[in-house]
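Following: one structure in structure tokens, then a few remarks.
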């Protein structure tokens, strides 16, 4: 799921993804937006 969080690296996406989807969430940075 793409969430409305800007990013330059996947590390920036982990905290918001974990917050929404729980601690087992994975995260990627695609086109400047986080994808969980």
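Placed from the backbone N, Cα and C atoms, the Cβ positions cover glycine too.
If you look up Swiss-Prot, you'll see 7-29, 13-34, 17-36 marked as disulfide bond, on the strength of similarity to another entry. What Swiss-Prot lists as site 'Basic residue of the functional dyad' is 28.
Positions of the features from Swiss-Prot, shown on the structure.
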{"residue": "7", "record": "disulfide bond", "DSSP class": "coil"}
{"residue": "13", "record": "disulfide bond", "DSSP class": "coil"}
{"residue": "28", "record": "site 'Basic residue of the functional dyad'", "DSSP class": "strand"}
{"residue": "34", "record": "disulfide bond", "DSSP class": "strand"}
Nearest of the recorded positions (7, 28, 29) to residue 36 (disulfide bond) - Cα to Cα: 28
Cβ-based isolation winner (fewest other Cβ atoms within 10 Å) among the disulfide-bonded residues 13, 36: 36
Inter-residue C-alpha distance, residue 13 (disulfide bond) and residue 29 (disulfide bond) (nearest angstrom): 7
Candidate with the highest Cβ count within 10 Å, taken from the disulfide-bonded residues 7, 29: 7
Rounded Cα separation (Å) that holds between residue 34 (disulfide bond) and residue 28 (site 'Basic residue of the functional dyad'): 6
